[in-house]
Amino acid sequence: MAPSSLLLSVGSLIASSLASATSLQIREQSQSYQLTESWQGESFINDWNFFDRGDPTNGYVTYVNQSVAESSGLVKVTQSGSFYMGVDYESKLNPDGPGRESVRIESKKYYTQGLYVVDIAHMPGSICGTWPAFWSVGANWPHDGEIDIIEGVNKHDANEIVLHTSGSCDVAGSHDMTGSLTSGECGDASGTIGCVVKGTQGSAGDPFNAQGGGVYAIEWTDSFLKIWFFPRNSIPASITAGKPDSSAFGTPMAHLQGTCDFAERFKEQKFILDTTFCGDWAGNVFGESGCPLSDASSPMRSCVDYVAQNPAAFKEAYWEINSIKIYQLGAAPAPATVASPNTASEVHSASELAPATQTEKPTVPTAAETTVVPPASQTSTVAEETPIAPLATAATVTAVNPAPPATQPTAEPATAVTVTDGGDSFRTIFLTSTTTICPEAQSSSSAAAHGGNKNAPVGAVPGQPSGADAVGNPNPSTTTEAVAETETSQPELTAGGISELPKSAPAPTASQPTSEFKPSDVPDVPKPSPEAEHPAPPAAAGSSIINTPSSSAIFGSSTAVGTFTSLARVSRPTGGATFVPTIATATGSPTVGEDGSSGSATASATLTAPTGILFTAGARKLSVGLSGLVGALAVAALA
């Protein structure tokens, strides 16, 4: 096997392996949970709202705002970086006055299905009169649902998981769980009890804190809700590594799944962390929990009296959260970016679109044509020069959205003009021509050029998808072709024909058609389109008219400036561009002028793309001198 074939085979094998590995990686990511949001330390204070209104559960509590909570030390970031949220445990209160100060915070955003990992170092202990909870609720209760992830009252030592929603939502399926399902109907059709799972001992209260806390993991999908509790010394390695794998978590403490449509009954939820006192649940079961009754006939009154008169009992009624992390299937979504009005791209989220970027069709200027007073035959040299100098003569360029101002005339000649709209650059390259006339009869080209219909519009064929535009002329015997050019390409250059020159440029109107051009359609090596080789009849499009006087004749020679227009996508002005020489030869003869003038001449043109900047004084003299010498020899031979 030849060395080149062996290298090709090895390269193909490597490319195939890389492609397979990439596909596998993408497939694994789409099937695994990826971190999308995380709260820890200061972010609980900055990214959550402080609730300071009356308690919806009718508790004996005063929720304070962020300023009071921070100044009184009810919330803070610990030295270890965890978030502390406690209650007032110093003040004795009037049972008939405002309740004990506490904190309730709520996430600023709503969240939907995913995997939620909550690392808790400490939660309120098993204290009479307390009702701590970490839960979520939809915007429209009960229709959007409520999930009580961690909840307990008074001397509780086990978590109680409760779900609430509207209508009927049965989760009484036969699924393995370590907790005990005591009610399988989550909907309000059966009252406000909801579906209840009583967790294992040590999953809340004092036993939870004694083992250094632990981790709760909640997996919420269209068809089920699972909740795991892992004591501090039993946290799965995948959670510790930041790549949780719920399939390896083992049996959950709660597995709620049945005929209930979770996608319909549980909508987007906000998270809430709070500690209240007494209220509808803790107050009404105060005596049943083994707490002291000051009034045997009123558990609620007994609860309020205890909370008001025993501040020190609530020193351990605080939350200490290491972190809350949200994971979702697939890659983390990217934020949507709206491009500025001058660009045609709009970046959307990766989760919304298969392609990361959607490109709209920009509106671009119509093809521009430049006509030059013709000599009978010409030799043209193309050169590009940057930075761009102003035009030597007046030029009007028609563009659409936004319209750039017309270029003002200056005394210095230019070799190129670039009009930029957003990320697309439209460049007009000027051709310096040196002409030698070898007449068979007296030519009247100048008369023909200025005769006839002076206001005839200059035609243009709409832009081609290939990136090259063809420009037509009313005279079928002459053509002008626009050449698409890029910095690294070798464009084919076709010598343009001679057309008559109007005295003034036609004024653009609102009805002028515009061509559509997609930057992605510009090929690396532009090729003339069929329309460029055989121009279509002229269309009423805007054009650029550049009046360019010929240079003085030397030995029967003259110079003129022609142009072609380049449609090339460039990211910034280019300098010192280098082109590979390309030579094209065209022949033609002047036509009979509309004013009756006639004449004939043979013409030959050689169009050369130089390898460097040729518009210098020396280059101009050299070009004219060689052409003049050839012209002199030709005249002598004819004579």
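Backbone N, Cα and C define each Cβ position, glycine as well.
What Swiss-Prot records for 1-21 is signal peptide, and it gives sequence analysis as the kind of evidence. Per Swiss-Prot, the feature domain 'GH16' maps to 26-290. For Asn65, the entry in Swiss-Prot reads N-linked glycosylation site, with the evidence type sequence analysis. Here Swiss-Prot flags Glu146 as active site, nucleophile. As annotated by Swiss-Prot, region 'Disordered' applies to 337-384, 442-545. Annotation comment: Swiss-Prot describes 339-348 as compositional bias 'Polar residues'. Look at Swiss-Prot and you will find 362-376, 478-488 tagged as compositional bias 'Low complexity'. Summarising the annotation, Swiss-Prot assigns GPI-anchor amidated alanine to Ala617 and lists sequence analysis as the type of evidence.
Long-range neighbours of Glu146 (active site, nucleophile) (same chain, six or more residues apart, CB within less than 8 Å of its CB): Trp135, Ser136, Val137, Gly138, Val162, Leu163, His164, Thr165, Gly194, Gln269.
For the domain 'GH16' (26-290), the predicted model reports an average pLDDT of 96. Annotation note: Glu146 (active site, nucleophile) sits in a strand segment as assigned by DSSP. For the residue listed as 'N-linked glycosylation site', applying a Cβ distance below 8 Å and a minimum sequence separation of six or more within one chain yields Phe50, Asp52. DSSP gives Asn65 (N-linked glycosylation site) a coil state; it is part of no helix or strand.
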